[in-house]
Amino acid sequence: MTEAVEGHITTEIVMLNPANTRSISNMTSQEFVEKLTKRLKRHPEETGGFQEAPLAYDAIWALALALNKTSGGGGRSGVRLEDFNYNNQTITDQIYRAMNSSSFEGVSGHVVFDASGSRMAWTLIEQLQGGSYKKIGYYDSTKDDLSWSKTDKWIGGSPPADQTLVIKTFRFLSQKLFISVSVLSSLGIVLAVVCLSFNIYNSHVRYIQNSQPNLNNLTAVGCSLALAAVFPLGLDGYHIGRNQFPFVCQARLWLLGLGFSLGYGSMFTKIWWVHTVFTKKEEKKEWRKTLEPWKLYATVGLLVGMDVLTLAIWQIVDPLHRTIETFAKEEPKEDIDVSILPQLEHCSSRKMNTWLGIFYGYKGLLLLLGSSLLMRPRVCPLRRSMTTGL
């Protein structure tokens, strides 16, 4: 119990003025105690109410001063103090107002009353140090002034927390993981550039010409854009500020969207038109029909155009912005006065699910359609597909 109560703080009303100043009775607080002790003719500890005596003494002075203010006639009311009785509300109000407006120096300190008639006295602040109470400060409620002696002592060197300190901590992507994936993505981009360069350099070769080299180039560009989206996807508050977050969010969306449309769209266009040409049995066309290139480019352009239109409307109507996801508080074992509040940054918008449904909806249909075309047993022989200019 001694260890439990060590260092606790208590407050009590100051009943004796600690300053050696003369009161309205022309006595200091120490002189008052000495005179009172002499009259008692016994030890103060054996006398009940000895500590409260200064308050009672000043209360009598306050009453005397209030009566003095109301004596000699009641002013405009024409009521004298000598006419007082318990049924005379007028003179009662005068005495109350005079009492409530009292302000003087007493042996207990500065005497003043609040609006409800309660005494506004100093408050003594004490702390239990080594088994005994030590004065560490005073509070004057009349002036809202705190006098601190700076003699307080605390276990651990600092005051205990009056509440649990909640520390907000952002969760960031592992830098090792980000660097590793970025390196792999960079290697993929380098490979795409090599393939693009090879395709352009050997564009005069017959087999490359028959495979629609421009679509191959678009595939390489699309793969590069999709791989480049890894970099903004890994950026968070650890690397960028709050103001840069909306631009990073848009970069993620545009790189992934356009990368998919160019990369997968070019391959899907080839498969789709090969399937279309070789399944028109009813038209009985020659197998060696050459497919117009503009139809292929128009298909890719349509897919890219749908992406551009969707992303532009999304960016204008409901732009992406930085949002914070908050997780459950964590209580560290080493500090019971602290709680960790994990938070995670996201790119989001008001109608995020609706836009993602639209965006992923038609792209998912393209993936399903492309997969069904590849799984069909009636895939045209490579020899025939080459004759269609693919």
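Cβ coordinates are placed from backbone N, Cα and C, and glycine is handled just like the others.
According to TrEMBL, the feature domain 'G-protein coupled receptors family 3 profile' maps to 184-390.
For 177-202 (among others), the entry in TrEMBL reads transmembrane segment.
Taken from TrEMBL, the feature transmembrane segment applies to 214-233 (among others). Same-chain residues lying 6+ beyond the ends of the transmembrane segment (214-233) with a Cβ under 8 Å from its Cβ atoms: 181-182, 185-186, 188-189, 192-193, 195-196, 199-200, 208, 248, 251-252, 255-256, 258-267, 269-270, 293, 296-297, 300.
The transmembrane segment annotation in TrEMBL covers 253-273 (among others).
Per TrEMBL, transmembrane segment is recorded for 294-317 (among others).
Residues or ranges marked as transmembrane segment in TrEMBL: 354-375 (among others). Note on the transmembrane segment (354-375): residues 257, 260, 264-265, 267-268, 271-272, 275, 303, 306, 310, 314, 318 of its chain, located 6 or more positions outside it, place their CB under 8 angstroms from a CB of the stretch.
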Arithmetic mean of per-residue pLDDT over the domain 'G-protein coupled receptors family 3 profile' (184-390): 81
Remote residues contacting the transmembrane segment (294-317) - C-beta distance under 8 A, at least 6 residues beyond either end: 212, 214-215, 218, 250, 253-254, 257-258, 260-262, 265-266, 268-270, 272-273, 349, 355, 358-359, 362, 366
Surrounding residues of the transmembrane segment (253-273) on its own chain - C-beta under 8 Å, 6+ positions past either end: 212, 215-216, 218-219, 221-229, 232, 291, 295-296, 299-300, 303-304, 306-308, 310-311, 314-315, 320, 347, 359, 363, 366-367, 369-370, 373-374, 388, 390
